[in-house]
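J.: Swiss-Prot feature annotations, pasted as is:
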| type | residues | note |
| --- | --- | --- |
| DOMAIN | 4-69 | domain 'J' |
| ZN_FING | 137-215 | zinc finger |
| REPEAT | 150-157 | repeat 'CXXCXGXG motif' |
| BINDING | C150, C153, C203, C206 | Zn(2+) 1 binding site |
| REPEAT | 167-174 | repeat 'CXXCXGXG motif' |
| BINDING | C167, C170, C189, C192 | Zn(2+) 2 binding site |
| REPEAT | 189-196 | repeat 'CXXCXGXG motif' |
| REPEAT | 203-210 | repeat 'CXXCXGXG motif' |
Amino acid sequence: MKRDLYETLGVQKNADEKELKSAFRKLAMKYHPDRNPGDQESEKSFKEINEAYETLKDPQKRAAYDRYGHAAFEQGGMGAGFGNGFAGGGAHGFSDIFEDIFGEMMGGRQRRSSGGRERGADLRYNMEISLEEAYSGKTAQIRVPTSITCDVCTGTGAKPGTSPKTCGTCQGTGRVRAAQGFFSIERTCPTCGGRGQTIADPCTKCHGQGRVVEERTLSVNIPAGIEDGTRIRLSGEGEAGLRGGPAGDLYIFLSVKPHEFYQRDGADLYCAVPISMTTAALGGKFDVTTLDGTKSRVTVPEGTQAGKQFRLKGKGMPVLRSSQTGDLYIQIQIETPQKLTKRQRELLQEFEQISSKENNPESTGFFSRMKDFFDTLSE
């Protein structure tokens with residue numbers, strides 16, 4: 001029996017893309033054939049890891065696996081409850097499985113019912129927001145051009161006063177069988193195009209499609225703490241279904257614009273702040289404006305070194321759907337003076353002359369240890 005793909009990668013079933021990639025890289029490094037030459041078990045594990053990752057990183061393949069397990073990818077192989085034949089007795093064949101799944105996923109093929117009803121396609125809308133908007137959350141108005149149910153024929157596709165008729169070729173199934181040698185092949189009905197119905201007198205507004213294109217304005221609630229790459233689903237806001245079929249969904253893909261001052265890592269924020277050499281040496285204070293619009297004071301003690309971090313607790317990003325908040329880390333950068341005047345140069349030279357080892361313990365100790373090291377080598 002094949003191993004569970006999530007178990008193979010060592011992740012939970014709700015693992016996100018980042019967790020999948022991290023687990024894959026870690027295991028791939030461990031079992032890579034170049035690191036384990038001649039080890040057949042490692043080679044086998046490496047192949048299993050690759051297969052698991054290739055399946056789970058693809059949203060459609062992952063949905064197929066979650067629903068049907070390994071049976072979704074086995075030609076002619078049926079999972080429990082799928083029946084015995086590939087195309088006989090009303091059982092789902094390999095292609096039918098994918099029609100069921102992908103008809104519900106991101107614009108895949110829709111499976112037609114015997115009444116000619118088709119589910120509308122899912123739609124994607126890309127939205128870019130600022131870090132400030134991700135911090136506070138917002139309700140955004142978006143305009144989406146999409147197909148909606150025709151208001152003249154109410155989605156039937158037929159002229160008012162008439163109705164679609166059951167296709168006489170396929171008897172409403174949308175599929176016909178044709179014998180070819182020893183095989184019986186099922187294909188889309190050429191008369192109705194797989195809809196199971198024919199329209200003798202189509203609606204003049206939608207031309208028999210049952211829907212028309214229109215731009216709609218929708219409200220999208222973006223919660224505080226939303227992260228870059230988050231997907232928001234608006235159920236039933238995709239394309240209208242055909243001939244009374246259910247509407248698809250609208251997926252909002254969010255991207256957060258890079259910020260001029262802040263970098264984000266989960267719920268924590270990082271900001272590099274340059275200070276003068278004298279402030280670092282003598283100490284000082286400065287204010288930082290945080291994303292909530294308030295100012296926080298940072299106290300720099302004398303002798304502060306470059307790279308020193310100060311933590312402002314609770315001044316980071318809100319955690320999505322939680323009362324918790326991340327922290328803001330201020331990283332100190334020391335700016336070396338440039339374009340010195342003659343007097344400034346003289347003062348710095350004088351400072352250098354009167355400085356002692358105690359003023360610069362790190363550099364003094366470093367060069368002393370380096371000298372001792374090379375002296376030892378030359379002995």
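In case you wondered, yes, glycine gets a Cβ from its N, Cα and C as well.
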J.: Pop the Cα-Cα gap between C189 (Zn(2+) 2 binding site) and C153 (Zn(2+) 1 binding site) into the table, whole Å please.
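T.: Approximately 24 Å lies between the Cα of C153 (Zn(2+) 1 binding site) and that of C189 (Zn(2+) 2 binding site).
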J.: Same chain, outside the repeat 'CXXCXGXG motif' (203-210) by at least 6, Cβ under 8 Å from its Cβ: which residues?
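T.: Result: 149-153, 155-160, 240, 242-244.
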J.: Take the C-alpha atoms of C189 (Zn(2+) 2 binding site) and C150 (Zn(2+) 1 binding site) and report the distance between them in angstrom, rounded.
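T.: Approximately 25 Å lies between the Cα of C189 (Zn(2+) 2 binding site) and that of C150 (Zn(2+) 1 binding site).
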J.: Have a look at the binding-site residues C150, C203, C206 and say which one has the shortest Cα distance to C167 (Zn(2+) 2 binding site).
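T.: Closest candidate to C167 (Zn(2+) 2 binding site), judged by Cα separation, is C203.
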J.: Within the chain of C206 (Zn(2+) 1 binding site), which residues six or more apart in sequence place their C-beta under 8 angstroms from its C-beta?
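T.: Spatial neighbours, sequence-distant, of C206 (Zn(2+) 1 binding site): C150, V152, C153, G157, V212.
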J.: Just name the winner among C167, C170, C192 (the binding-site residues) by count of other CB atoms within 10 A of its CB.
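T.: Compared across C167, C170, C192, the most Cβ atoms within 10 Å surround C192.
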J.: Can you list the residues of the same chain, besides C150, C153, C203, C206, whose Cβ falls within 8 Å of the Zn(2+) 1 site's Cβ centroid?
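T.: Same chain, not in C150, C153, C203, C206, Cβ within 8 Å: D151, V152, T154, G155, T156, G157, A158, P202, T204, K205, H207, G208, Q209, G210, R211, V212.
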J.: When you measure from the Cβ of C150 (Zn(2+) 1 binding site), how many other Cβ atoms are you left with inside 10 Å?
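T.: Summing over all protein chains shown, C150 (Zn(2+) 1 binding site) has 20 other Cβ atoms within 10 Å.
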J.: Determine the most Cβ-crowded residue among the binding-site residues C153, C189, C203, using a 10 Å radius around each Cβ and all protein chains in the structure.
T.: C153
